[in-house]
Amino acid sequence: MVPLERWNLVALGLILVGVSLRLMLLKQHWPWTDSDEGIFGLMARHIAYQGEHPTFMYGSFYMGPLQAYLGAAFFHLFGSSLLALRLGLVMLFALFLVALYLLTRTLYTPGLSLLTLTLLSLGSPYMLTYELRSYGGYLEILLCGTLALLIATWLALPTSPTLSPRRLLLRCGGYLAWGTVVGLGLWSDMLILPLVGLSGLLIVLFCWSELVRLFPIVCMVGGLALGMWPLLAYNLHAPPGLDTLSAVTVQQQGPVPLHYTPALVWQQIKATIQLSLPTISGNPFCPVSEVPVLRDPTSAPTLACRLIHLGWGTGYLLLFLAALGLAGWDLWRLGRRPRLEGKANKQADLVRASARLLLLIAAAITLVLFIHSLAPLKWPSLHGRYLIIFWIALPAILWPLWQGARVTWSFLPRLRQPGRALCLALLLLLLLFYGIGTAQAFSETATAQMYYQQDMAFVQRLEELGITHFYSDYWTCYKVAFLSQERLTCGVVNQQLQPGYIRYWPYYWATHADHHAAYVLPRSDYDAALQALMAQQNRHYRLTLYRDYFIVQPVG
């Protein structure tokens, strides 16, 4: 038996390896940035240097800006930069790994917890991107969701029937911590709702005798209000249609409700299995990027790639269903077990089995809601991030393979050796594929540095032309504003040069008030707009070509 301290030391080493790999990538400007991340960078600057306290990500009413607040703290330490903005993400990810290690060790075995840490210290380029690019919400879901289930499990495990004042205070602190973590998670992103809801169900099922005293409920509600206070304060006064619930509904279904038909549902299921599940679960082969402006690598839709996507997605789904069935079977078997052992031991086993099943049910609910949404119909690979709860469920999904590699297969003795070998081979293959994905990310660092140098050269060129305000598309505007330290600010316009997808209106009004504001337009999308602009009789413009942009400046 390996001492617990040794398991903890190995876990610490794996977490340090994962953090070091991510810091090495960040140092080389990987992943390259975009305007979504630029928004968080601008928010962090405004928090750090202008005293702003935003409730949500600019332009949204449902995503908390915790990453921007962390970025502001690091700006005070290291100055405003892309690297400083992302350091908070590394911290959140490290805390997530610690929490997941503790949760997996509590629900399963120390060995599986180390395997999970090994896999998540690596990852595909897609996985690493959403761990290192400041998009908001996703790392908070991972950390708060894992902590919510961990705290709920700790509260549900049996304790001494006579509680000392110190023990009572500790448990009340646990209820308060659960509420705070859940509130913070809900403020950050509502995608966490299935997991935190079922973690609350675990508390209700096993702690009901304490809950009737009301004091634990007061602690939970108080923590919940504390964690999500900015969300509550906003929605108390939000105009109709601009509240968080309306925003989440539009995000889920789109501005126009979907008319479901069997063909549409089949398309949603197929896209989820072929693209969304392989992407979020770490498939490093044949990446798909539906948005060319993001500059992410993409592969041709060859037959081989389609087979890889289908095989990975189908295999992952079958493994998930097997894990769900095994968790249900374990709980049912425990419920029928005769009382031949201590009541406390049986309750502890029931708590762990219930927590395992509830974790997988939360992932299943998330999957069903995803399939039922607009996400798999529009950019199913890019939107795979909405299934990020599956990272928390990774140890539960791997449990059938882990068990299969260790048990004696007494119920099928002829398949004992082949079955164990197959499970072990699948685990080793998964580890190999995650290692390949990490190597792919490092192979893209030269491209990332090239993109960063091009972006900074673009900023310098605009400044050389004397531009301070400009109109542009969304994917140029906020990225340039952040990289220029707000020396350049912009208004987002569509291809008709009308107000476009504007997340920060003060920039647009400042640009609109500047009669010398330039137009910085991507060549491929704004050709017609350029012709209309240059054809104006009452104004004259000077045209400069720079890489893929038309730079149009008013003369006189």
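Just so it is clear, glycine is given a Cβ too, placed from its N, Cα and C backbone atoms.
Features as listed in TrEMBL:
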TRANSMEM  6-25  transmembrane segment
TRANSMEM  55-77  transmembrane segment
TRANSMEM  83-104  transmembrane segment
TRANSMEM  111-129  transmembrane segment
TRANSMEM  135-156  transmembrane segment
TRANSMEM  191-208  transmembrane segment
TRANSMEM  215-236  transmembrane segment
TRANSMEM  310-332  transmembrane segment
TRANSMEM  353-372  transmembrane segment
TRANSMEM  384-402  transmembrane segment
TRANSMEM  422-442  transmembrane segment
Annotated stretches the transmembrane segment (310-332) and the transmembrane segment (215-236) touching (3 or more Cβ pairs under 8 Å): no
When counting Cβ pairs under 8 Å to the transmembrane segment (191-208), the leader among 6-25, 83-104, 135-156, 384-402: 135-156
Tertiary contacts of the transmembrane segment (135-156), as residues 6+ beyond its ends and Cβ separation under 8 Å: 36-37, 40, 57, 63-68, 89, 92-93, 95-96, 99-100, 102-103, 106-107, 171, 174-175, 177-178, 181-182, 184-185, 188-189, 191-192, 195-196, 199-200, 202-203, 205-207, 351-352, 354-355, 358-359, 385, 388-389, 391-392
Interface-richest range of 6-25, 215-236, 422-442 toward the transmembrane segment (384-402), CB pairs under 8 Å: 422-442
Residues of the parent chain within Cβ reach of the transmembrane segment (422-442), under 8 Å, 6 or more residues beyond its termini: 21, 24-25, 30-31, 115, 118-119, 122-125, 127-128, 282-285, 398, 400-405
For the transmembrane segment (83-104): best-contacting stretch of 6-25, 55-77, 111-129, by Cβ pairs under 8 Å: 55-77
Same-chain residue ranges lying at least 6 outside the transmembrane segment (6-25) that approach it to Cβ under 8 Å: 31, 90, 93-94, 97-98, 101, 105, 110, 113-114, 117-118, 120-122, 128, 131-132, 438, 441-442, 445
